[in-house]
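The structure under discussion appears below in the form of structure tokens.
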Amino acid sequence: MKKNWWKALAVVLLLYVAVAGLLMPVPRLAILNESIRNLYFHVPMWFGMTFILVASVYYSVRYLRTPTPELDILAHESAKTGILMGVVGLATGSIWARYTWGAWWTNDPKLNGAAIAMLIYGAYLVLRSSFTDEQQRARISAIYNIFAFATAMPLFYILPRLTDSLHPGAGGNPAFAKYDLDSNMRLVFYPAVIGWTLLAFWLAQVASRLSLLKQKVYEKQLA
Amino acid sequence: MKNSLPKLRPVLLLLLGLVLPVLRAAAQATSEPEMADTLRHDGKIYVVVAVITVVLAGLLFFLISLDRKLSRLEKEVKE
């Protein structure tokens, strides 16, 4: 119970976000209309993804310093959770684009940057699956993970800002444009970011524990 | 069971505190550009909110039970 307080917090925050995200007043803006509420669901996917990928890189660096299978599993499952969040982010963004811009996908720098970054992480999974030797797999994918992170983050957050982008918050503007500086929106947005990020860590933790357990059981069977 | 109630109190208080702004917002009436006001007042937006809450609660409950089963299994393997 003491160790799991953050999971309870995640449950409370996510339920709050589901209710308040739909019912709290939002700024009345043309074109965006009620879809401004996507800020509570689409944007936290990217926040959660970023935080969990930072954790993944952290575990990868630790693995390279002290190679243990636990650290490899943690890095791998964190990256997988990050990829899941990113895919959900792309999918939700695509739905929004269809009804706001009229197309499922546009060649917007923000969209393409995110897509390329996701492909880079997709390659991480492909790379992992191409080794049979466990230590080689762990070491090389840890190194790749660091480079993937260093390449993906500018694609997500820096390059789209250097050019014009239709995406809200992009195109030279800081991410927190006027529509999310609204104090009512902050009351939901910040809990949403924390809640979805905690959920990402929760999922990664459960997946890692399962993976670790599987390994232990195999070891026991061999012994 | 007796012991779990005091532990839950801060969680419930936090939830209550977070919901307060929603109640205030529900009490305010506004009229400006085209938004889903009718849905919010007379319509069935609350039905959707309830449905989403149930779906989310169900998924979270599943995750919690998965977490617990995993903890039990971890204990078993350790022994």
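Yeah, the Cβs are placed from backbone N, Cα and C, and that goes for glycine too.
Database features (TrEMBL):
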type	residues	note
DOMAIN	A:8-153	domain 'Cytochrome c assembly protein'
TRANSMEM	A:40-61	transmembrane segment
TRANSMEM	A:82-99	transmembrane segment
TRANSMEM	A:111-127	transmembrane segment
TRANSMEM	A:139-159	transmembrane segment
TRANSMEM	A:188-207	transmembrane segment
Checklist line | Chain residues in Cβ proximity to the transmembrane segment (A:40-61) (below 8 Å; excluding those fewer than six residues from its ends, i.e. six or more beyond) | finding: 17, 21, 71-72, 74-76, 78-79, 81-83, 85-86, 88-89, 92-93, 96, 114, 121, 141-143, 145-146, 149, 152-153, 156, 188-189, 192-193, 195-197, 199-201, 204
Margin query: Can you break down the domain 'Cytochrome c assembly protein' (A:8-153) into helix, strand and coil residue counts using DSSP?
Written below: 121 helix, 0 strand, 25 coil
